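Residues or ranges marked as active site, proton donor/acceptor by TrEMBL: TYR138. The active site, schiff-base intermediate with substrate annotation in TrEMBL covers LYS166. Residues annotated as pyruvate binding site in TrEMBL: THR50, VAL206. Here TrEMBL flags SER49, TYR112 as site 'Part of a proton relay during catalysis'.
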Amino acid sequence: MTAEPFRGTYTVLVTPFTADGAAPDLPALARLVEYQIANGVRGLIPLGSTGEFLSVSREERAAIVETVLRAAARRVPVLVGTGAEDTREAVALSREAESMGAQGVMVIPPFYSVPTEDELFAHYRAIGEAIGIPVMVYNNPATANVDLLPATVARLSRIDNCRYIKESTLDPTRVRDIIALCGERMTVFAGVLGYESAFLGAVGWVAVCSNVAPKLSAAMFDAAAAGDRETALPLYRRLAPLLPFVGGPRYVSGTKAALRLAGLDMGQPRPPRLPLPEADIPALRDVLAGLGLLAA
């Protein structure tokens, strides 16, 4: 396994559930991990937003992390989502991830209380001081109700092991500004705009679409990060029709539907999320056929 620094495309994994939704489908999760690694993804992130982290119990979390770590077998880094509203809970989850063998954690800010900048700093400092593995700060204001502005990120970069950020706004200039303010103290991963962010200095991409199209996603980002627009742009254009199905409010249901059509059944989302409407399936099927990913 390549040690730090983390680079390239990291898939934020869906969490498969059994047909009745009663439990995580751990064998399916292990198959998904193998599919990712075999197709060139550089890292894995279980229990992010795409992994429905708020819809699993503490016991289910541990089983999910154990399954991913065992299946990955240290071939790629595994960063575990450990965000929580309560700082004590985020610390406990981060310590648990480290004790289980994770190479890092990804931490969304407290997502209900709308913390002040001082409260955010204290939250991340408590996590950083509690563990010895890197912390990837996760900025996703659309879901967290908190926007970690570049100046705030610069302050967080003073915490010793807050060394990475997943920047998930739709403003790629954030990448430029974070790099300008933080220098080498903070390494930027795109969270949404992988192609665009790479040309502004992002060295990694935490992607949802790579659940479905890992080889294409990884190749596109690698080319963009190398400054090879001639290679990257056609790959991005191939990938683009898939993005509306794995983004927006239906990103979990769309990703799981796409995986099912590609021959990797990950079950359905847990309520209150609903399956992708049947009316959308023919268009998704056409997209996957165009990518050569539709199961026979």
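Glycine too: its Cβ is placed from the backbone N, Cα and C atoms.
Remember, TrEMBL labels are computer predictions, not curated facts.
Shown here: features listed in TrEMBL, placed on the structure.
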{"residue": "SER49", "record": "site 'Part of a proton relay during catalysis'", "DSSP (3 states)": "coil"}
{"residue": "TYR112", "record": "site 'Part of a proton relay during catalysis'", "DSSP (3 states)": "coil"}
{"residue": "TYR138", "record": "active site, proton donor/acceptor", "DSSP (3 states)": "strand"}
{"residue": "LYS166", "record": "active site, schiff-base intermediate with substrate", "DSSP (3 states)": "strand"}
{"residue": "VAL206", "record": "pyruvate binding site", "DSSP (3 states)": "strand"}
>> Are there any residues at least 6 positions away along the chain from SER49 (site 'Part of a proton relay during catalysis') with a Cβ closer than 8 Å to its Cβ? List them or say none.
In response: VAL12, GLY81, ILE108, ASN140, THR143
> Taking Cα-Cα distance, which of the recorded positions THR50, TYR112, LYS166 are within 10 Å of the residue listed as 'active site, proton donor/acceptor'?
Replying inline: LYS166
> Minimum Cβ neighbour count within 10 Å among the recorded positions TYR112, TYR138: which residue?
Replying inline: TYR112
>> Counting other Cβ atoms within 10 Å of each residue's Cβ, which of the recorded positions THR50, LYS166, VAL206 comes out lowest?
In response: THR50
> Do you know offhand how many angstrom separate VAL206 (pyruvate binding site) and TYR112 (site 'Part of a proton relay during catalysis') by C-alpha?
Replying inline: 23
> At the level of the C-alpha atoms, what whole-angstrom distance separates the residue listed as 'active site, schiff-base intermediate with substrate' and THR50 (pyruvate binding site)?
Replying inline: 14
